[in-house]
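Read through the structure below, which is laid out as structure tokens, and then see the notes.
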Amino acid sequence: MEENMNLKYLLLFVYFVQVLNCCYGHGDPLSYELDRGPKCPFNSDTVSIIIETRENRNRDLYTLQTLQNHPEFKKKTITRPVVFITHGFTSSASETNFINLAKALVDKDNYMVISIDWQTAACTNEAAGLKYLYYPTAARNTRLVGQYIATITQKLVKHYKISMANIRLIGHSLGAHASGFAGKKVQELKLGKYSEIIGLDPARPSFDSNHCSERLCETDAEYVQIIHTSNYLGTEKTLGTVDFYMNNGKNQPGCGRFFSEVCSHSRAVIYMAECIKHECCLIGIPKSKSSQPISSCTKQECVCVGLNAKKYPSRGSFYVPVESTAPFCNNKGKII
């Protein structure tokens, strides 16, 4: 399983090198069409919704039309907080990292977790090897995925009386930008802003040179938290209210030499799950003071990565030291 993941991301990385160097040098990356055939199609029938609560962990598949069959959606109101999880290119909501992230959320704070499985539009089901040629299509599909998330959000707010303050989005790679487009759409619908969007190593190719309106942006939610773990598959640019650069945003400890970039890119999801599961937080030190020891951090200047980040007053870019194994924090995770 791990070898297949490594091979997938290696092929993706090789392709990105070619695309970035040859294809995306000029013009709007989102308008570039490498493939004009019906590959990686997006429509409401190609997206599955997986809903998890403490009472129901079956991970059954739903659509917009069948949501009302889930026990939670049979209620007149939904009172628990909601988290959307959105995967990235050639991935799915059924990959181990995303299952673990959903489980951590449900176990921690009794969230209702809604995982958006857009694997068809993310090119996951295309022919092996060739699927990586269709990345531009998947990148364009992120806007449609965002609109889909916004449609579910509208249902939650209008029919189930959930406050936008109780809805958070978490997206990895292309899923981070899809979350950003959802944030833009709900504002267009006059629903307000999501309480938070967490971008887990947002994808760099097709988005790095884009204006705020064409990618995940700080204005897409009340609070936008970005976790940077790679500098080629993921962007190095500051995008959020807070930007955490784990191990300086590249070459994550424990990822080895040969698959460092691809392993580092996926490590963002693992870090978030560990931050939720364990009290030991990964501590962000202001980049301007990155040489100072963690032991000297105060709650006024340093920030814990994860669900509690927005409780800290500091904003901006942060360096986060990490260890090579879970739970990855290199001390007891306390800020004085």
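Note that Cβ sites are derived from N, Cα and C of the backbone, with glycine treated the same way.
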Cysteine paired with Cys302, where Swiss-Prot records a disulfide bond, from Cys297, Cys304: Cys297
With reference to Swiss-Prot, specify which of the listed residues Cys123, Cys212, Cys217 is paired with Cys40 by a disulfide. Cys123
Name the one residue among Cys263, His265, Cys280, Cys302, Cys329 whose Cα is closest in three-dimensional space to that of Ser173 (active site, nucleophile); these are the recorded positions. His265
To the nearest whole angstrom, state the Cα distance for the pair Cys255 (disulfide bond) and Cys304 (disulfide bond). 23
C-alpha of Cys212 (disulfide bond) to C-alpha of Cys40 (disulfide bond): distance in Å? 25
When DSSP states are folded down to helix, strand and coil, where does Cys304 (disulfide bond) land? strand
I'd like the Cβ neighbour count for Cys297 (disulfide bond), meaning other Cβ atoms within 10 Å of its Cβ, all protein chains included. 21
If we count other C-beta atoms within 10 Å, could you say which of the disulfide-bonded residues Cys123, Cys212, Cys263, Cys304, Cys329 has the fewest? Cys212
